[in-house]
Structure formats: C-alpha cells, structure tokens
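Below: the structure, in structure tokens.
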Amino acid sequence: MNEEDSEKISGLLKGIGYERTKIKEESDIIIFNTCCVRENAEQKVYGHLGALKALKRKKPNLIIVVTGCMMQQDGMPDKVMKKFPHIDIIAGSYNSYKLPEYIERVKTEGNSIIEVWNKEKGIVEGLPVDRMSDVKAFVTIMYGCNNFCSYCIVPYVRGRERSREPENIINEIKDLVSKGYKEITLLGQNVNSYGKGLEPEINFAGLLRRVNKIEGLERIRFMTSHPKDVSDELISAMAECEKVCEHGHFALQSGSSRILEKMNRKYTREQYLELVKKLRMAMPNIAITTDIIIGFPGETEEDFEETLSIVKEVEFDSAFTFIYSQREGTPAAKHEEQVPENIKHERFNRLVEAVNEILAKKNKEYEGKIVEVLVEGPSKNDETKLMGRTRTSKLVNFQGSPDIVGKLVKAKITKAQSFSLIGEII
Ligand code: SAH
Ligand code: SF4
C-alpha cells in the first residue's frame, strides 16, 4: 500500500513538471513516504534524514519532504522537525495529495510547512499515478481498517474502513488494460470488508466477479484478506473467476490460539487450518502465503512451537516473518510480559529456517513443470535475462527477447533455486 501511495505522490509531482531520479545528489526534491507498522522502518527514516543534513547545506534549495503514516502518530511531526530542522515539508498520509500545493508554497514563501490532517476526509479520486511497472498495477479498493489487532498501529494512522465506488475501480482497471496492463492487484488492509456502506450493496466476492469480466485483463490478485472474513462465497468466486490467480495471502500471525486471542485476530489455529483445507479443495494448485509475528507479548516456547508446527503443516509457499515491534498507543505495547530480544531473535531464526526449508521443497516440485509466466521485464540480478511470475506468484528467470515483456508465455522450469525458479520459454 505504501508503494501504491508512492506511485501517487510521484504522479502528482510529474503533474507539476518533476521527474523521478535515483540519484540523490541530482534531485530537487527528496520525499520520504514513511511507514510506522514496525519500528525498524522508522529508524531507517531517521538514519536517512540525518544523512541528508550535509546535502541540504550544500544545496539549500533542495526540498526535503516527509509524509506517510509515521507522521500520523501523535506528536511525531513536531518531534521529527525538531530533530531534523532541515526538513521543508511534513504532511500526513491523509493529505499527501496536497504536496504540489505545499511545494509551491515552500518555493515562493521559503518557510517550512507542517500539515497533518488528523482524520480521513473521504476518498480522493482521479489522482495521477506514476506506476513502476507497465505490466502489472496496484489498484486500491479500500482504505483504513476497523479490526484493531492488538499489536497493530494501522487503524490509528490510516483511519476507519472506506471503500471506493465499484464504478471508479472498474474504470481505473479498464483504463489500465487499455494502456496494456495485464495484471492488477486489488489492495486493501482487509479486502474482505470491501463494500461496507456502499449503495447499491456489493461485497468483495461481487467485486471480483465484476473485475473478472473486464476484457483484456489477464490476471487478478488481491491483498490482503483477513482469515476471519474469508467466506465460502469468496472461495467460490476465487475458484470460478478464471482471471483470479491461484494465490492467496492470508496473514496467520501465530499458530497458537491463545496468542491469536490476545492479538484480537478472532480466529483459532483450527479455524485457520479449516480455511486452508477449503481453499485447497476449491483450488488444488493454490499457493498460500502469509505473515507471521514472532515474540508477541506473553508468547511462550510452547506457543512458538505451535507456530512452527502450523507452518510445517500448512507448508506455506512463502511467509513474511516479523519480530514483534512495540507500537505506542496499541494495547499490546502496554503488556507486561514483553518477550526478551534475544529470545525473539532466536525464535525468529528458527522460524525463518523452517519457512525456507519448505520454500526450497515447494520450489523443487516445479522442476520439469510447464507454467504460464507473465513477463515483467529484465531480471533484477542479471539484466541479460528476463523475469516474470507464475499465476502462483513464483518468480521465474529466463532468457528471452525484450519484446515479450508484457506477454504471457509458457515456460518449462529447468531448475529450482532457493527463492526463485529458472525456466526456458517453450
Ligand atoms: N491488514 C493486513 C496487514 C497489514 S500490516 C492483514 O491483517 O493481513 C502487515 C503485517 O505487518 C501484518 O500482517 C503483521 O504481520 C505485521 N505487523 C503489524 N504490526 C506489527 C507489529 N507491531 N510488530 C511486528 N509486525 C507487525
Ligand atoms: Fe493491522 Fe489487523 Fe488491520 Fe491488518 S487487520 S491492518 S494487522 S489491525
């Protein structure tokens, strides 16, 4: 979601004549689109801001901007400005679409600006988007979150759930398809809550069916969907809509029902396993990926072992693993039984090892198979090769001519690597 927000900010700046550059020293404006979900992302921002002091001294006209949800935390904008007075603009995530106006003001008036709206003011439609890919695109369908998981800061900094009108979503996707996009990922903190409060009534399964009818679109993905809200209707829609890829990201967070309850996740280990069973019955080839938090307050060795065992039982296709980070203002942060750092790290390493072992095994199963790949562009590590993804979201590297970028090709997997596959176009 943060990436999609950055694409919008970049689109807005393009609209007033700026261009993207990767060279810090050459830029006229440097923007940090921050995230406060975990503390280490915040620490990185501080590091970068400190390092820019010297550049700002050399280039006084450089405009430094900090925006994103980190700025939505109480007292944060003043604290950051005090620590880094060379910042020119601080804006919150609800009003980052006003950046062109703030930039003009700084250029004409010269004073720094702190403007952070403390509440969402509806949905702003029609913002220009400077997309990082010409092949696949993110399309936000809803903003905010009402779930209040006890560790999570998102509901406090992103506001309550609000859904975009289906027509706006469909029109945006049709426009993308007319520009050659083949794949879209529908985004929301909990896409299953899509549609609440909209008239006429629509839910996420209904939206998927409508998006599936868009001619020329090849692939649909979505992220993320809360396990407690995955209905049978949604599973049927996923299975029946041929454009919906055989991949689902369902954040587990913990394998211990005791911890899940403390997290306020509203499902148990057994219910999660039941969900996996249903998904696999409806879509035998579905790849299931997840998010896991290690070291939630009060997590015992037994709780952790339950997480390890569910990871092995489900055999996730991949997992984003996080060490619990205390977020001020969330109920879990006040918990007295915080897990010591060394134990968190030790459990984290054991978890990553288990996840990677399964990933290697799952990747190996692809060897010799023929898969459909959407060609995205040059490989990250070897520009002479191309890369793309299977419908199950596996990364495939292969030789090919650049004019197949944006096309769906068939590839035979010749070798599985730890985190990707090597293939040959057939
Ligand atoms: N709405 C999404 C999650 C968005 S945040 C969902 O529920 O599926 C992305 C991930 O960050 C979460 O799934 C969780 O695993 C992790 N996360 C959130 N708060 C965290 C915290 N305080 N410490 C560590 N990880 C956290
Ligand atoms: Fe955070 Fe839970 Fe909302 Fe996801 S569903 S954004 S983890 S509060």
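Cβ atoms here come from the backbone N, Cα and C positions, even for glycine.
Quick look at what TrEMBL lists:
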- 1-108: domain 'MTTase N-terminal' (DOMAIN)
- 131-361: domain 'Radical SAM core' (DOMAIN)
- Cys145, Cys149, Cys152: [4Fe-4S] cluster binding site (BINDING)
- 364-426: domain 'TRAM' (DOMAIN)
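Cβ proximity to the [4Fe-4S] cluster site centre (mean Cβ of Cys145, Cys149, Cys152, cutoff 8 Å) flags the following additional same-chain residues: Asn147, Phe148, Tyr151, Ile153, Val154, Pro155, Gln189. The 10 Å shell around the Cβ of Cys152 ([4Fe-4S] cluster binding site) contains 21 further Cβ atoms across the protein chains shown. Cβ neighbours within 10 Å of Cys145 ([4Fe-4S] cluster binding site), excluding its own Cβ and spanning all shown chains: 21.
Within the model, the domain 'Radical SAM core' (131-361) shows a mean pLDDT value of 97, rounded to a whole number.
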